[in-house]
Every structure is written in C-alpha cells, then in structure tokens.
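Comments concern the structure below.
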Amino acid sequence: MATRRFVVKGRVQGVGFRYFVSQTARSLGVLGEVWNRRDGGVEVIAEHEEPMVLVEFENLLWEGPGYVHAVLGEESTGSFSDFKIGYSR
C-alpha cells in the first residue's frame, strides 16, 4: 500500500475543498482523511495499492475549488478503511 501526505496551500478553506478532496478520493478508490490546518491550508493523508493512482490524485488536487498555489507531497504511513473528512487540527 502506498501512502502519501499532502499539504495544500492557498485559499482552500471555506470553499468546499475538503468535500472536493473526499469525492475525488472516493472516485479513485483512495482511502484516508482530509482536514483543515490552523495555518489556513488543508492536509490530506491518502493511500492506495497503486502509487500511480496517488500521482493522479495529487494532480487533481490542483483542480479543487478556491485557489491552490502549492501542493506539497511526501511519503507517509497510515491504515484506513475509507476516506473521511476530519476536523481542523
């Protein structure tokens, strides 16, 4: 299982971005969680059996509502059974 952590910067809170991420993840079969960050960004932990699906998922993050000016990705760990929208952290 490949797992990646993404931090999305820009105007991404209060515009439906977490819902967009959740719907996009579910359409690709990606498991994980998305939540708002205190710094105004959004953070995502995403996992899938195929690493290339996570590459596609990362590319789609740029198309979300609001204004995305950076998507920072790195390898991560996790074990999820679905994709959920979490609370701010």
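Cβ coordinates come from backbone N, Cα and C, glycine included.
Here TrEMBL flags 3-87 as domain 'Acylphosphatase-like'.
Positions annotated as active site by TrEMBL: Arg18 (among others). Annotation note: Arg18 (active site) sits in a helical segment as assigned by DSSP. Taking a C-beta cut-off of under 8 Å and a sequence gap of six or more, Arg18 (active site) has these contacts in its own chain: Val34, Trp35, Asn36, Val42, Ile85.
The annotation active site is assigned in TrEMBL to Asn36 (among others). Its Cβ taken as reference, Asn36 (active site) is surrounded by 19 other Cβ atoms within 10 Å in the chains shown.
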